[in-house]
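A.B. asks: Okay, handing you the structure first.
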Amino acid sequence: IFFRKNSLSMAPAVSTAALIEEDPWDMPELQDTGVKWADLDTKGKILRVLTISAKLILLLGFLYMFVCSLDILSSAFQLVGGKAAGDIFQENSVLSNPLAGLVIGMLVTLLVQSSSTSSSIVVSMVSSGLLEVSTAVPIIMGTNIGTSVTNTFVAMTQVGDRNKFRRAFAGATVHDFFNWLSVLVLLPLEVATGYLVKLTDLIVKSFNIQSGENAPALLNVITDPFTHSIIELDESVISGIATGDPEAKNKSLIKVWCQTASNTTVQNVTVSNCSDFTCWELKNVTEVINIKKCNHIFVNTNLSDLAVGLILLACSLLILCTCLILIVKLLNSMLKGQVAVVINKIMNTDFPFPFAWLTGYIAIVFGAGMTFIVQSSSVFTSAITPLVGIGVIKLERAYPLSLGSNIGTTTTAILAAMASPGETLGNSLQIALVHLFFNLSGIVLWYPIPFTRLPIRLAKALGQLTAQYRWFSGFYIIACFFVFPLLVFGLSLAGWQVLVGILVPIVAVLIFAIIVNILQNHKPQWLPSALRSWDFLPQWAHSLEPWDRVVTIMVARCCCCCKCCNVTEKDEETGTHENKDNEIEMYDKEAKKTSDSCEILKATSL
């Protein structure tokens with residue numbers, strides 16, 4: 001009896017084990033909860049095979065529509081902002097500023113939603129002599145950052161589940177942090193030493209590289225028949241605007257004639273610099289003969305490029321979001337049981353000792369190969385983001401896959417550059433190699449040594465923050481990809497003195513805050529007592545809690561307004577006025593109930 005009493009008195013101590021906080025980044029335990037294949041009868045086996053086959057067909061169909069919607073989304077952005085992107089690239093005085101060139105590369109990639117398009121504009125400007133290779137390097141770095149916004153948007157589709165959203169947003173932003181940190185180190189290094197320009201120049205000159213074939217369109221062979229039936233663009237218009245062609249500004253981006261022929265003849269051309277009399281000279285004049293029209297929907301439209309772009313933008317975003325949600329739901333239903341266990345083991349298991357260190361590099365090669373096949377880093381990283389969210393791929397494994405994707409997207413640019421004419425091949429290839437070695441340099445900085453894998457730690461910190469305050473994810477996207485680039489671009493237009501005068505104090509304050517935070521966490525004794533915490537500042541300056549209350553109150557008020565409007569509309573749509581007194585009484589009760597619920601929402605939000 002004494003032993004039993006003692007053991008009972010010890011029970012509360014045992015229950016404290018439940019108070020131990022679990023690691024939020026632990027992968028969810030995947031178990032085979034379904035009926036085993038051997039336990040199924042013939043009918044059950046047939047049904048399972050048919051179900052799995054149907055889900056696979058649906059998944060492939062949704063993936064196909066997802067890729068097509070990304071292609072159409074890119075076309076829509078080009079129609080809406082393509083000419084503006086070309087005009088931006090004409091600001092040569094601004095492009096001479098490396099920081100301005102960086103944000104211009106970001107903005108143009110965001111406008112056209114394609115790093116390939118923005119990179120090809122840069123290549124065409126370098127080939128035509130409008131840009132030097134050294135000036136184009138920061139723009140290429142900017143395109144690398146701009147292309148990573150797509151998978152960050154994809155992570156927002158899992159915002160409903162806190163744990164899935166934490167993992168998905170971290171899996172998406174680990175790509176962002178890699179690009180930002182690489183630029184933070186390599187852009188100043190490039191400005192100071194020009195090592196990327198010098199290295200790629202040595203490579204181009206040391207090999208007698210001849211023009212090759214066009215870049216293989218592996219995925220486009222499948223998607224082009226569908227996307228080209230909806231819209232087809234003339235890519236040369238944006239490049240023409242960027243290179244200063246006056247005729248390009250009046251042309252529509254919508255392609256009308258898909259099959260043309262050129263006829264070059266020698267003709268007498270009037271020379272305008274003759275002083276007193278008209279004179280002519282013989283010149284080669286090329287005439288374009290239109291043979292066959294395109295077959296897309298908007299080939300004979302009278303709408304402007306902006307109107308067509310907005311229509312396609314709305315439709316492609318709707319299809320994109322719908323496909324993503326359905327893909328996540330299908331993956332959730334398919335990646336269960338034995339399938340989930342097998343995929344989890346394949347993707348997350350390291351090689352046995354002493355070759356465990358090779359696993360990450362194999363993942364980099366795999367990511368590069370898959371990106372080369374689909375010819376889009378956005379497609380590949382957007383595809384693995386939901387898998388990170390549902391817990392099939394670890395964040396530590398998604399990181400090298402994203403790094404490989406950065407490498408894979410540069411190989412197609414190199415192949416495309418090798419198809420350039422002989423006189424522009426050197427510069428075109430050099431810019432493509434700059435993109436490749438920028439990503440390779442970033443991998444050397446932020447991957448080989450585990451301590452230097454800062455993007456993983458930063459992505460986890462941001463994922464944890466956005467899981468607690470989910471509205472902060474939208475603030476992060478708007479601030480990093482839109483507000484900051486537009487601010488720097490606007491300051492660049494005002495002159496480098498204004499840019500330096502405003503940005504330098506902001507950067508100095510940020511560096512000071514980062515250093516103090518690090519010391520507070522690791523060496524607080526090195527700091528004066530006042531700086532050992534941020535409590536001396538107002539709470540809104542060092543915590544998101546007050547901002548969260550403001551957002552909650554705003555949402556609560558919006559919900560109350562919507563409910564009150566619904567009650568009013570419902571009352572107005574009621575039947576005849578026979579029982580008017582009953583209607584008024586019901587309305588008063590409904591309004592009071594809604595008012596009470598609003599007060600509860602406001603009280604809880606406070």
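Just so you know, glycine gets a Cβ as well, placed from its N, Cα and C.
Annotations per TrEMBL:
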type	residues	note
TRANSMEM	46-73	transmembrane segment
TRANSMEM	94-113	transmembrane segment
TRANSMEM	177-197	transmembrane segment
TRANSMEM	306-331	transmembrane segment
TRANSMEM	351-374	transmembrane segment
TRANSMEM	428-449	transmembrane segment
TRANSMEM	469-492	transmembrane segment
TRANSMEM	498-519	transmembrane segment
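For each listed feature, how buried is it and what is near it?
C.D. replies: Long-range Cβ contacts of the transmembrane segment (46-73) within its own chain (Cβ-Cβ under 8 Å, at least 6 residues beyond either end) map to 37, 40, 113, 150, 219, 222-223, 226-227, 230-231, 312-313, 315-317, 319-320, 323-324, 326-327, 330-331, 333-334, 374, 376, 378-379, 382-383.
Same-chain neighbours of the transmembrane segment (94-113): 70, 73-74, 77-78, 80-82, 84-85, 88, 121-122, 131, 135-147, 149-150, 183, 187, 190-191, 238, 481-482, 484-486, 488-489, 492-493, 496, 499, 503, counting only residues six or more beyond its ends whose CB sits under 8 Å from a CB of the stretch.
Within the same chain, residues 94, 97, 99-100, 102-104, 106-107, 110, 146, 149, 152-153, 155-156, 159, 162, 165, 169, 173, 176, 180, 462, 498-499, 502-503, 544, 547-548, 551 sit at least 6 positions outside the transmembrane segment (469-492) and bring their C-beta atoms closer than 8 Å to a C-beta of that stretch.
Under 8 Å from some Cβ of the transmembrane segment (498-519) lie the Cβ atoms of residues 97, 99-100, 488, 491-492, 526-527, 531, all in the same chain and six or more residues away from its ends.
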A.B. asks: Rank 177-197, 306-331, 351-374 by Cβ pairs under 8 Å to the transmembrane segment (428-449) and hand me the top one.
C.D. replies: 177-197
